[in-house]
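**Q** Just dropping this structure here.
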Amino acid sequence: MQLDAIGKDKLHHLLRAMPKAELHIHIEGSLEPELIFALAQRNGVSLSYPSVEALRAAYAFTDLQSFLDIYYAGASVLLKAQDFEDMAMAYFRRARADNVVHAELFFDPQTHTARGVSFETVITGLTHACARAQAELGISSSLIMCFLRHLSEEEAFATLEEAMPFRSQIVGVGLDSSERGHPPEKFARVFAKCRELGLHLVAHAGEEGPPAYVWSALDVLKVERIDHGVRSVEDPVLMQRLARERVPLTVCPLSNVKLCVFKTMSEHNLATLLDQGLAATVNSDDPAYFGGYMNDNFVATFDALPQLTARHAYQLAANSFEASFVDAAAKSAWKAQLDQVFAAA
Ligand code: HPA
Ligand SMILES: [Zn+2]
């Protein structure tokens, strides 16, 4: 099959229909304004926005921090296990519609424990949703606990301690929140401890922060995947290493444009990353805030970057399975499904 010659309509069909894994989704970032208002009412939480429309109108971000301020405020309506379950089920239904067959969900326990919501409440709700996603929607999933990098390493250690009774419910740990001024090496010891515990390791790096943060995420934290990593293109030696070692990058195109990492989608470097041999994937990051779920990200990126063809679409889906934290049998089953969809095109 000549994948580079496939026309636009068929390409759109393939982008939507192909099975894919989502590896970079903050579950708190899937909280749609309508659900924020419904949960606020259910829980008697008062919001500083008068309506769904007013809240949505505030989603005009200038950088990562301007987004995080609103994102943490939105999460304040989550109080009970049922709230976390409802939030995650709403995400899984959207993911199913986009032919996501596997999702690895980030969650931010410190955003909730700081408000007096217990770790157990958070993990109970999310774990229930993951079980229901498999039973009701056929989506497999796992949970990655993120440490907030604007807080101290000591606080990260305390969070890890709280997580220990639920170790079996967590596949790995990540690092998110305000990147600039909070380099990966700030968390060297807590990541070393997580590594000893057999947890998978990932970290946000090179979203707003410099390539040096990608180097230290790899060499100091010893992460297996880089979340975002788009600023790696500024460092050719780093690019060679990422390509040689096939380090997965979980790229989030709509997020990058909304947070002004790129001025427009046509300036996005996804095609460069792929063409230089990096194991890039496409993900939604915080879909309720950035204007779209998985397929919206794929379609917006391919529409803006004409050099991306069906060959890249196939590569992105294959990369998402290869980069996931599942066993080889699951990876090859999804890869076979992917091959089927492309063979039928
Ligand atoms: O894109 C992000 N970057 C850093 N922290 C985050 N927390 C939610 N989304 C993000
Ligand atoms: Zn993110």
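Glycine is treated like the rest: Cβ placed from N, Cα and C.
TrEMBL labels come from automatic prediction, so no person has curated them.
From a predicted model like this one, the values you see are computed outputs, not experimental measurements.
Under the heading domain 'Adenosine deaminase', TrEMBL lists 19-339. The Zn(2+) binding site feature in TrEMBL is assigned to His24, His26, His204, Asp285. Annotated active site, proton donor per TrEMBL: Glu207, in sequence order. TrEMBL lists His228 with the feature site 'Important for catalytic activity'. As annotated by TrEMBL, substrate binding site applies to Asp286.
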**Q** Should His204 (Zn(2+) binding site) be counted as helix, strand, or coil on the basis of DSSP?
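**A** SS state of His204 (Zn(2+) binding site) = strand.
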**Q** What does DSSP assign the residue listed as 'substrate binding site', in three states?
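**A** The residue in question, the residue listed as 'substrate binding site', is coil (DSSP, three-state).
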**Q** Could you check which of these binding-site residues, His24, His204, Asp286, sit within 10 Å of His228 (site 'Important for catalytic activity'), going Cα to Cα?
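**A** Those near His228 (site 'Important for catalytic activity') - Cα within 10 Å - are His24, His204, in sequence order.
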**Q** Which recorded positions from the set Glu207, Asp285, Asp286 come near ligand 2, judged by a Cβ under 6 Å from any of its atoms?
**A** Asp285
**Q** Measuring Cα to Cα, tell me the gap between His204 (Zn(2+) binding site) and the residue listed as 'substrate binding site' in whole angstrom.
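**A** Here the two Cα atoms lie 14 Å apart.
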**Q** By Cβ count within 10 Å, point out the most packed of the recorded positions listed: Glu207, Asp285, Asp286.
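**A** Comparing the recorded positions Glu207, Asp285, Asp286, the most crowded Cβ belongs to Asp285.
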**Q** Could you tell me the mean pLDDT the prediction assigns to the domain 'Adenosine deaminase' (19-339)?
**A** 98
